[in-house]
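See structure below.
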């Protein structure tokens, strides 16, 4: 079905009420199935090492690839969402995730696991998760901050349930049968996608769906040529291809926003650097505890403790950050949460006693709640919603690079030194430095803007220099909310 036809037959959905809350419920489950899933990989770390006779570095590539592809497949997800709609992207992601884990149960080498569980499952989780995040920005306006925080509790549920289920199934059936069962569980992403039906808002809004079959830059070849040059001239064709490539990059990777919007630029660089250390405790906490004599079941329980606390703290963080006092200042809350994450790692360095590790998990989970609840809300604050999907694509593909290389490099360091403490040293360094960079940079940017306003110096393009908030107040009836480009064949 063409995009115009789908938009025309879509039902008008009210924002912040009605079916929007069913979509939010689906997003909660979706985030638990996708973002929450990689947390359980640490439970299988030791078994996979023994099965494939692999080092720490080799084994850590498996969760690293999964998480990196989960975050880095944003541009592909943007293409799917714009062309076929959110429902299609989520359901395709569920099929890929299930297929990847079922295939993983038959792997005979660690390299095969990189392809099946790492690449295929990671890509499927990416499609499901990022399409689910994007649709919340359109179904919710007034309660957008709260909706994002509530949706992120799905990650907490995943953190709580996946490790416990993984350890139980691992003890009863082994890792191969466990992966087979996981494939069936991840197919439930398709059910969540079915709930996220297309939304049609008021006509004449800022976002209009593309015309069917029209590609970026497709009209360039039809433009009249004043010099009489043939449209098939090689030079013109080369110029047209360059123009099309630039338009595709701008549409799906938002390089123009990165170059012009200082707030988006600072935030993207800061989060990208932060991700070098953010995932390390998730990958190595269980192996670290087992290495220090903690029973496997109790070690798996550590991840669940993080998840349980997240369930209650994330909604509170969302409500707190949505208060008017924090309008324009949510990035500082995010930086503070990242700083606390980095400082908490020193607890593990002091002692590996189980009671100390529980204390570490409590503090880490509180800090993670702030990071998890605010990551995408701050991104929505610094870019306009009509470019959010593209901005999310570039944002996630950059952070996926550091998510990919962080754990294996740290694993290599552990293999060389035989000292797990370097996991927490590295994590603290990247988290603390990123938090200070973002906090100080936004503070300097804010002061610069105040000086410009005080001196009455006009700004040609204010969005280049200031950290702007997306309005979260109810829209006046006379205003048209942004239209949505989600298309469905139903």
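Cβ atoms are placed via backbone N, Cα and C, with glycine included.
Keep in mind that TrEMBL annotations are predicted by a computer and have not been checked by a curator.
Given the ranges 244-265, 266-287, the record in TrEMBL names 266-287 as transmembrane segment. TrEMBL assigns the feature transmembrane segment to residues 391-410, out of the candidate ranges 391-410, 451-470. Spatially, the transmembrane segment (391-410) is adjacent to the transmembrane segment (61-81); three or more Cβ-Cβ distances between them are under 8 Å for residues at least 6 apart in sequence. Scored by C-beta pairs under 8 angstroms, the transmembrane segment (112-139) has its highest count with 61-81, from the stretches 21-45, 61-81, 177-196, 331-351, 422-445. Under 8 Å from some Cβ of the transmembrane segment (422-445) lie the Cβ atoms of residues 262-263, 266-267, 269-271, 273-278, 280-281, 284, 288, 331-332, 334-336, 338-339, 341-343, 345-346, 348-349, 406, 410, 413-414, 465-467, all in the same chain and six or more residues away from its ends. Long-range contacts of the transmembrane segment (266-287) within the same chain, counting only residues at least 6 positions beyond its ends with a Cβ under 8 Å from a Cβ of the stretch, are 38-39, 41-43, 45-46, 56, 60, 63-64, 67, 71, 163, 258, 299-300, 302-303, 331, 335, 338, 341-342, 345, 348, 357, 361, 364, 371, 375, 378-379, 382, 394-395, 398-399, 401-403, 405-407, 410-411, 414, 420, 423-424, 426-431, 433-435, 437-438, 441-442, 445. Below 8 A, the CB atoms of the transmembrane segment (299-319) and the transmembrane segment (61-81) form no more than two pairs separated by six or more positions in the chain, fewer than 3 in all.
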